[in-house]
Number of protein chains: 2
Amino acid sequence: MQLFVIKVGGNVIDNPALLQSFLQDLAAVQGPKVLIHGGGKIATRIGERLGIESKYVDGRRITDAATIDLVTMVYGGLVNKQVVAHLQALHCNAIGLTGADANIIPAVKRPVKEIDYGFVGDITSAALNIAPLKALLDVGLTPVFAPLTHDGQGQMLNTNADTIASSLATGLSAYYDVRLIYCFEKKGVLQNAEDDDSVIHLINREIYARLLEQKVLSDGILPKLENAFAAIESGVKEVLIGHAADVRSNTSGTVAGTLIC
Amino acid sequence: MQLFVIKVGGNVIDNPALLQSFLQDLAAVQGPKVLIHGGGKIATRIGERLGIESKYVDGRRITDAATIDLVTMVYGGLVNKQVVAHLQALHCNAIGLTGADANIIPAVKRPVKEIDYGFVGDITSAALNIAPLKALLDVGLTPVFAPLTHDGQGQMLNTNADTIASSLATGLSAYYDVRLIYCFEKKGVLQNAEDDDSVIHLINREIYARLLEQKVLSDGILPKLENAFAAIESGVKEVLIGHAADVRSNTSGTVAGTLIC
């Protein structure tokens, strides 16, 4: 059976009109599906009002104790439940989750090497508990994940939404033909970051190596592509990277973005 | 089959040591169980830091637009996921929910009469969706509810945790022998509000009428008792009101608090 694992980025979460039309398209997707949402800037805004400073080392966000509570509130509470309530209004029977719920995504607090990232969770694919997730899908629910995991010792952890998406897609590929779709605010992987229409429609390992050599890819897209190749090598049928507004075509057989294979 | 529906109040949520020992006792309860937690004062504290004023009319809290976002974050995110993560650490396979998730508790925004309570949800027992909740219990999960519902149109609503507990207990009584337990920071219903040891061990309708006549009951306990009688008249086997520290005895056949029948 086919199943879509769909990740929607923080920039879409931050744009109410785009989010609403994305959720409409998502609700219309037939068959089993799983949504993973990013966080968006709302945690930073609420954090500023609470006097919680965003800390970065070498451009990477550090999740200190105040920040993990902040993102647990904002991503796991506000954003997740608003997405669920909107999907329910669209007659999509959503259930909002973090990786702590039903222990679906246990993680390991990232070991401190040069940088102490704080309460950031790394996922070991082998540790995923797919059975309860499959039980939810089997009764017709649409799981909606916030980008949070836990360490099994009572501590919530901050985990990249792209990584959660590829991990769940990989785990679910034991039971389904999984299509993993990354939805963001670009039409796909761009040949030229300045030109929104320069979408590369197909990327395989060989093309990827050439693109890396030519240094045309933007830094932001590299982890997405690494996650995509890792997913495909672990059993996911197909990975698509495209615009949130194109999720309808990207779930109906046509490819409006970039297909990774 | 026996099932416990256990509600733990905000005062316990606000007391880390009491909460931790309560969760340990809860994790040790055998068989299917559902937890409903209150909010506690943390929403007020975070609200103050965010400049969200707590508004009351005639002593009753008003949930305006800023407040429903606040409690969705704090109760549905921070408190709910911290409880779930702690239960997971205690090997209790918890799954955190609001009434919007799986559409288990649709509600109606309270009609404006003398007072506009704002985004407060009233539950119609007939509208509850118990099937997805039973599916979670059937795979061995322990559902943990925050005191939130939704209106089915995309809006989250604030709903009293005691009412959620009695509604779920009633709905589940079609499938289980339900014991509903209200855990708070008193040993039970007190004959004398000043004397913590003046627990009334048994209350039926007749005794309740007499206590009301004598005006010995505190205002706070009246809605709990009304909820308790409503639950029993709708099929719940037994309602207990007791201290959070007594949940172990109250789930093992002895009665350490007040039994309502």
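Residue numbering: from 1, along the chain as shown.
Glycine too: its Cβ is placed from the backbone N, Cα and C atoms.
According to TrEMBL, the features are:
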- B:3-242: domain 'Aspartate/glutamate/uridylate kinase' (DOMAIN)
- B:Lys7: site 'Transition state stabilizer' (SITE)
- B:Gly39, B:Gly40, B:Arg61, B:Asn158: substrate binding site (BINDING)
- B:Lys224: site 'Transition state stabilizer' (SITE)
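Residue environment of B:Gly39 (substrate binding site) contains 22 other Cβ atoms, counted within 10 Å of its Cβ in all protein chains.
The Cβ of B:Arg61 has fewer other Cβ atoms within 10 Å than any other of the recorded positions B:Lys7, B:Arg61, B:Lys224. In sequence order, B:Gly10, B:Gly38, B:Ala43, B:Val71, B:Tyr75, B:Pro147 are the same-chain residues whose CB sits within 8 A of the CB centroid of B:Gly39, B:Gly40, B:Arg61, B:Asn158, the residues recorded for substrate being left out. Annotation for B:Asn158 (substrate binding site): spatial neighbours B:Thr63, B:Thr67, B:Ile68, B:Val71, B:Gly118, B:Phe119, B:Val120, B:Gly121, B:Pro147, B:Leu148, criterion Cβ-Cβ under 8 Å with sequence separation of six or more. The Cβ of B:Gly40 (substrate binding site) lies under 8 Å from the Cβ of B:Gly10, B:Asn11, B:Ile13, B:Asp14, B:Val79, each of which sits 6+ residues away along the same chain.
In space, B:Lys7 is the closest of the recorded positions B:Lys7, B:Gly39, B:Arg61 to B:Lys224 (site 'Transition state stabilizer'), judged by Cα positions. Counted over all residue pairs in B:Gly39, B:Gly40, B:Arg61, B:Asn158, the record's binders of substrate, the longest Cα to Cα distance measures 13 angstrom. Taken together, the residues in the domain 'Aspartate/glutamate/uridylate kinase' (B:3-242) have a mean pLDDT of 94 on the 0 to 100 scale. A Cα-Cα distance of 11 Å separates B:Lys7 (site 'Transition state stabilizer') from B:Gly39 (substrate binding site).
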